[in-house]
């Protein structure tokens, strides 16, 4: 199978390496210098240092040529840009008249200005295109790059998209499950990043494992309430892309969002943390959107509110935790 992966960050690089073990795979990045480095060393020293990439993986700085690789009906295009870059990528595909038949995206979050989910952005930019959907689940790029076991879910209304994605990714140490609850998968992937900041704050304050468990459990309730209001199915939020991804992101040392929370608890400013991180922390980008959507649907999300207070409203992490603890008792 021919596969084009668009975006050579850590996640795009790791998945391109996995795909190249079985398929004719091209990895695209707009940075020609990065492509030159990748072609020379077969290692992404910027974003996934220390992980050797297969010699069969090819690299491309020309987007048109990369898209040509995925135009065949039997091919697959994997969009590995952040949410903030998704619309521009789709628009470029459309304007070039190089829209692949089957598209999956890896980003998690909501578009900041519109508060749209990724699939809604796709519907706006690629009207009439149906063989598409998110590939999501509990996964750290470094572990995937190292060939460690992982399970992901592809969600699409299109059976062809689901089948094509499973055929591409389901080999080696990677298991792919499939379903059609696109909304549930995308809500889970967005909200878990915000909740991971909360658990990072609690861990950074030394509040203990009991507090972490409470935040994860009550956070899952917030995720489920918002997801149901937006049209997701309840069972999705106890699956890989809901509870599974939440557990990993809220507890794993490789989690950028948890790291942000821990650093906030230590007293560092958000700007300093993000500058030092050097990578996207989607929980910071989409926290306001999650809270705004919750408020517009009259959904109570106190943990999300606390995270937004710390990130954007000048509330000290310990004061935000104290406010949560002062909330009135209520039935579970």
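Every residue gets a Cβ built from N, Cα and C, even glycine.
Copied over from Swiss-Prot:
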{"type": "ACT_SITE", "residues": "192", "note": "active site, proton acceptor"}
{"type": "BINDING", "residues": "11, 30, 108, 141, 256, 280, 282", "note": "NADPH binding site"}
{"type": "BINDING", "residues": "108, 137, 139, 192, 245, 255, 256, 257", "note": "sn-glycerol 3-phosphate binding site"}
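Mapped onto this structure are the features recorded in Swiss-Prot.
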{"residue": "11", "record": "NADPH binding site", "CB count, 10 Å": "26"}
{"residue": "30", "record": "NADPH binding site", "CB count, 10 Å": "15"}
{"residue": "108", "record": "NADPH binding site", "CB count, 10 Å": "28"}
{"residue": "139", "record": "sn-glycerol 3-phosphate binding site", "CB count, 10 Å": "23"}
{"residue": "141", "record": "NADPH binding site", "CB count, 10 Å": "23"}
{"residue": "192", "record": "active site, proton acceptor", "CB count, 10 Å": "31"}
{"residue": "245", "record": "sn-glycerol 3-phosphate binding site", "CB count, 10 Å": "27"}
{"residue": "255", "record": "sn-glycerol 3-phosphate binding site", "CB count, 10 Å": "23"}
{"residue": "256", "record": "NADPH binding site", "CB count, 10 Å": "24"}
{"residue": "280", "record": "NADPH binding site", "CB count, 10 Å": "23"}
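The two recorded residues residue 11 (NADPH binding site) and residue 192 (active site, proton acceptor) have their Cα atoms spaced 17 Å from each other. When the alpha carbons of residue 255 (sn-glycerol 3-phosphate binding site) and residue 141 (NADPH binding site) are compared, the span between them is 10 angstrom. Within 10 Å of the C-beta of residue 282 (NADPH binding site) there are 24 other C-beta atoms, taking all protein chains into account. Residue 257 (sn-glycerol 3-phosphate binding site) and residue 192 (active site, proton acceptor) are 9 Å apart (CA-CA, integer value). Here residue 280 (NADPH binding site) is compared against the binding-site residues 137, 139, 245, 257, and the shortest C-alpha distance is to 257.
The binding-site residues listed here (30, 108, 141, 256, 282) include no residue with a Cα within 10 A of the Cα of residue 245 (sn-glycerol 3-phosphate binding site).
Long-range C-beta contacts of residue 137 (sn-glycerol 3-phosphate binding site), restricted to its own chain and to partners at least six residues apart, with a cutoff below 8 Å, comprise 150, 151, 152, 153, 240, 241, 244, 245.
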